[in-house]
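Everything on this sheet refers to the single structure shown next.
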Amino acid sequence: MNLCPCFFRLKKGHGGSFRFLSQPIFWISDLQLPRRGPGGGRHQPIRVSVHPPRRNRTSGLSPASLGAGRGLGAKPAAATSRSRKNMAGAAGPGTGPGTGPGAAGGDGDDSLYPIAVLIDELRNEDVQLRLNSIKKLSTIALALGVERTRTELLPFLTDTIYDEDEVLLALAEQLGNFTGLVGGPDFAHCLLPPLESLATVEETVVRDKAVESLRQISQEHTSVALEAHFVPLVKRLASGDWFTSRTSACGLFSVCYPRASNAVKAEIRQHFRSLCSDDTPMVRRAAASKLGEFAKVLELDSVKSEIVPLFTNLASDEQDSVRLLAVEACVSIAQLLSQEDLEALVMPILRQAAEDKSWRVRYMVADKFSELQKAVGPKITQNDLIPAFQNLLKDCEAEVRAAAAHKVKELCENLPIEGRETIIMNQILPYIKELVSDTNQHVKSALASVIMGLSTILGKENTIEHLLPLFLAQLKDECPEVRLNIISNLDCVNEVIGIRQLSQSLLPAIVELAEDAKWRVRLAIIEYMPLLAGQLGVEFFDEKLNSLCMAWLVDHVYAIREAATNNLMKLVQKFGTEWAQNTIVPKVLVMANDPNYLHRMTTLFCINTILLDFSALQEEVKPVLQKLGQDEDMDVKYFAQEAMSVVAQRLRKLDLPVKDSDEPSAPGADKNHFLRPRGPGEDAGKEC
């Protein structure tokens, strides 16, 4: 006999008899297996006899032992869905061992059939079927029980590690939650072999997920089991031949170190030192990314004597991908050291990183600047970080300047209150003024997203004198994202200088943009109007901006009229239906008498989008629609019929009776369709 990866043994060829490795719940006496011909084609199925196993056979897992399915690992071509059903208990009555009290008849074991299908699909040729089965691995484990999961399912999974990446990723994720399914923390070490294999595969996401599951399982080990099973696993990975295992080991040191004995701790530190000086850049990169995390669980003396030298070497590595990760570790290390140790051990490396020849390293310094500022304290910030930040704000690379601009507000907020205003005005604001007119739009956009927050820090007088001109310049910027970031943060300035000052300074610029000769500029302001209205409030909006929104409805460019209609819909959602009925609806309905057919059509489009209560629909809107339904213009008449259909549906939803004559039978239509040909002087939706 040949030992098959499946859970029953089968002689060569399909003509031989096979024996289950574990005693099934029922016996199948008339199992049909398809036989392949010499050319690979299938012959007629032949019948094989199933013999009860001998008592001295080794236990194994098979779907038959669950009451259904084939052996785990058998080729999918070996049985069809009909044969699966046969194995689920379709043995005929009175045919040998299949009969009797223990036989699974047509009903007895039907509930186990889905479990058998899952087991069967673990080796299916279809990747999606294998993936679905892996995702339901806990269901299989529950059906097998803890003992058979440990002795049969996990070894099988360990032997089948070589699969598609998405299947392995799902397996690594499932095993992280498997402790309760193998018998609890006492047996958590049984999960280590398959996860160890997954931690060495080539695909990075699979390795990362396996490491994540190993970290989770390590917390469920006792201290004794940790040293007996988990620490040896970490050592094997750290000394593996392939870089994949060594990179995975870097993420496991910090979870096993705190509960290890002193002797084992020394070995763990030695392995980590070796990985930090590994010949492979990928391993050094992984070690650098976990350096700060490992430093947090070490004793302070070990941090000074071992971690700081490692940090120094990694920060001077020839690969910039390693050096930038060392900057991230600097935050964690700085939190552990005193001011004297920081100044002597860390700051020289940090100054070097802020001036690194690689822009990626400088970018990481700018990105982590707020964390570094909190870690080193106010004194070192004033002496070292502020000059470094100034250099980052005027860096030659736009990515670095944008990252530094994002941190302007946080840097100013974290400065000591005493002397903060002076530092900002003298050392930060001059560089901010240069960035407002930067040549790169990403830099200007990053600055615009945070600059409004400086008004709460500097106060009313400084905001009016120094910041408002900058806001005004950015509000007129050609980049729409810059304008959006300014408008979306107007509430910060409003709280400091008040609505009147804001209306005198910034609002004229907004109105000027809203009436710009270029229709694309007007369109951009319309898109920001709902956000601006929410910032300023309904009273201020009615006083200053309402007339502007109504004027857009009769713009000579179709795109502006369409955007203005959508703008009204958003304003109604923000301010409410009552506001719309009192403020918007009367002005919209007046347009129904406009001699220009385009304005009458805009009235219909507004009626379609604005949600009103039944009284307004019945008393105000409906008569206008009936009038426009008799309009001399065919397009107006058509869209009036469509609007009447929409209003009728709304009235029906409001439980108001609607006469059949009130709802036209006109089909729905898009407003860009069914338009009659226009003359040369008429607007067809484009700018005149």
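Every residue, even glycine, has its Cβ placed from backbone N, Cα and C.
What TrEMBL says about a protein is an automatic prediction, not a curated fact.
The compositional bias 'Gly residues' annotation in TrEMBL covers 91-106.
Sequence annotations record features per position, and here TrEMBL assigns compositional bias 'Basic and acidic residues' to 679-688.
Per TrEMBL, the feature domain 'Phosphatase 2A Regulatory Subunit A helical' maps to 188-372.
As annotated by TrEMBL, region 'Disordered' applies to 36-107 (among others).
Residues annotated as region 'Disordered' in TrEMBL: 657-688 (among others).
Residues annotated as repeat 'HEAT' in TrEMBL: 114-152 (among others).
Counting residues per DSSP class in helix, strand and coil order gives 30 helix, 0 strand, 9 coil for the repeat 'HEAT' (191-229). Residues or ranges marked as repeat 'HEAT' in TrEMBL: 191-229 (among others).
Mapped onto DSSP helix, strand and coil, the repeat 'HEAT' (268-306) counts 32 helix, 0 strand, 7 coil. Feature annotation from TrEMBL assigns repeat 'HEAT' to 268-306 (among others).
Residues belonging to the repeat 'HEAT' (307-345) score a mean pLDDT of 91 in the model. Annotated repeat 'HEAT' per TrEMBL: 307-345 (among others), in sequence order.
TrEMBL lists 346-384 (among others) with the feature repeat 'HEAT'. The list of residues near the repeat 'HEAT' (346-384) in space but at least 6 beyond its ends in sequence, with Cβ under 8 angstroms from a Cβ of it, reads 308, 311-312, 315-316, 320-321, 323-328, 330-331, 333-335, 337, 339, 391-392, 395-397, 399-400, 403-404, 406-407, 410-411, 414-416, 423.
Away from its own ends, the repeat 'HEAT' (385-422) comes close to residues 350-351, 354-355, 359, 362-363, 365-367, 369-370, 372-374, 376, 378, 428, 431-432, 434-435, 438, 440, 442-443, 445-447, 449-451, 453-454, 457-459, 462 of its chain (Cβ-Cβ under 8 Å, at least six residues beyond either end). What TrEMBL records for 385-422 (among others) is repeat 'HEAT'.
Residues or ranges marked as repeat 'HEAT' in TrEMBL: 428-466 (among others). Cβ atoms under 8 Å from those of the repeat 'HEAT' (428-466) belong to residues 386, 389-390, 393-394, 398-399, 401-403, 405-406, 408-413, 420-421, 473-474, 477, 479, 481-483, 485-486, 489-490, 492-493, 495-497, 501, 505 of the same chain, restricted to positions at least 6 beyond its ends.
Sequence-distant contacts of the repeat 'HEAT' (467-505), counting only residues of its own chain at least 6 positions beyond either end whose CB sits under 8 Å from a CB of the stretch, comprise 432-433, 436-437, 441, 444-445, 447-449, 451-456, 458-460, 513, 524, 528, 531-532, 535-537, 540, 544. Under the heading repeat 'HEAT', TrEMBL lists 467-505 (among others).
Residues of the same chain lying 6 or more positions beyond the ends of the repeat 'HEAT' (506-544) and with a Cβ under 8 Å from any Cβ of it are 468, 471-472, 475-476, 480, 483-484, 487-488, 490-491, 493-494, 499, 552, 555, 557, 559-560, 563-564, 567, 570-571, 574-575, 579, 583, 687. Positions annotated as repeat 'HEAT' by TrEMBL: 506-544 (among others).
What TrEMBL lists as repeat 'HEAT' is 621-656 (among others).
Beyond the repeat 'HEAT' (307-345), the same-chain residues lying 6 or more positions past its ends with a Cβ under 8 Å from any Cβ of the stretch are 272-273, 276-277, 281, 284-285, 287-289, 291-296, 298, 300, 352-353, 356, 358, 360-361, 363-365, 368, 371-372, 375-377, 379-380. Remark: secondary structure over the repeat 'HEAT' (621-656) totals 28 helix, 0 strand, 8 coil, with classes taken from DSSP.
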